[in-house]
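Undergrad: Pasting a structure below so you can have a look.
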Amino acid sequence: MERRKVTIRYFLESKGKRRIAMITAYDYPTARLVDEAGVDGILVGDSLGMVVLGYESTIPVTLTDMLIHVAAVARAKPKALLVADMPFMTYETGPRDALKNASKLIRAGAEAVKPEGGLEIVRIVERLTKAGIPVMGHIGLNPQRVLTLGGFRMMGRTEEQRRKILEDAKALEEAGAFALVIEFVPAGLAREVTESVKIPTICIGAGPYCDGQILVLHDVIGLSEKPPSFAKRYADVASIIRNAVSNYVNEVKESKFPSPEYYKE
């Protein structure tokens, strides 16, 4: 039986009832495959800067980059909910710019957008949600702030950080966010956040107590050069690709390819 389209309502109704599984995808073929695998949500993440484009952080990723990849994923017509990251400096400059840029992502095929931050972006989230653009929040570690943080560090270890993250969660919920990604915080804190809000929480590197989980596809399938410590590798696709291409190269060098079944005289 063909599965139904996953909606914002599905996410909201999942709170405390069923686990939500999300993963990233950045192009048509992988979007099709992960959707066939049954994920509930696909995130076109600005992580594409690191795992696809070769940058050392997500900061160089532009809105143009995101629009190209969102459109590619949308062409797969996934049953999963399609969420798009808002890249660095496409929303921090104010609600007006955020609305303009978020609307471009929606027109490209996204069904929700995800800016990073808490209290400091509440006005932006309010503006987007009032305009009818669904927003998934992102608290804890904000990779777009790696320069300020001095690296990708676990957040929420100090009492001040803990209070801030709890306040961020409530503020984003009140601003209209339909879900929250909680990244790289202690599991106990993620549990506190999950129990303090009525919207679903999605953990990445934050333990088992959220309403769902998300990982970067390239980490899951073994394509990442330096996966984070919290990412589980479920396959070694890098070896499969390397071996396949090596076999192809060898057959070309040895004049074994193309063999008769692959051409006509």
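Residue numbers in this text run from 1 along the chain shown.
Each residue, glycine too, has its Cβ placed from N, Cα and C.
In case it's useful when we look at the structure, here is the feature table from Swiss-Prot:
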- Glu183: active site, proton acceptor (ACT_SITE)
- Asp46, Asp85, Glu116: Mg(2+) binding site (BINDING)
- Asp46, Ser47, Asp85, Lys114: 3-methyl-2-oxobutanoate binding site (BINDING)
Undergrad: Return only the integer: C-alpha distance in Å from Asp85 (Mg(2+) binding site) to Lys114 (3-methyl-2-oxobutanoate binding site).
TA: 5
Undergrad: Mind telling me which of the recorded positions Asp85, Glu116, Glu183 has the densest Cβ neighbourhood, counting other Cβ atoms within 10 Å?
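TA: The largest 10 Å Cβ neighbour count belongs to Asp85.
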Undergrad: Would you say which of the binding-site residues Asp46, Ser47, Lys114 has the most Cβ atoms within 10 Å of its own Cβ?
TA: Asp46
Undergrad: Measure from the Cα of the residue listed as 'active site, proton acceptor' to the Cα of every one of the binding-site residues Asp46, Ser47, Lys114, Glu116, then give the nearest.
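TA: Nearest listed residue in space: Glu116.
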Undergrad: Determine which residues of this chain, when Asp46, Asp85, Glu116 are set aside, have a Cβ within 8 Å of the centroid of the Mg(2+) site's Cβ atoms, and list them as they appear in the sequence.
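TA: Apart from Asp46, Asp85, Glu116, the close residues are Gly45, Ser47, Thr58, Val61, Met86, Pro87, Phe88, Lys114, Pro115, His138, Pro143, Gln144.
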Undergrad: Name the secondary structure element type, per DSSP in three states, that contains Asp85 (Mg(2+) binding site).
TA: strand
Undergrad: Compute all pairwise C-alpha distances among Asp46, Ser47, Asp85, Lys114, the residues listed as binding 3-methyl-2-oxobutanoate, and give the largest one in whole angstrom.
TA: 12
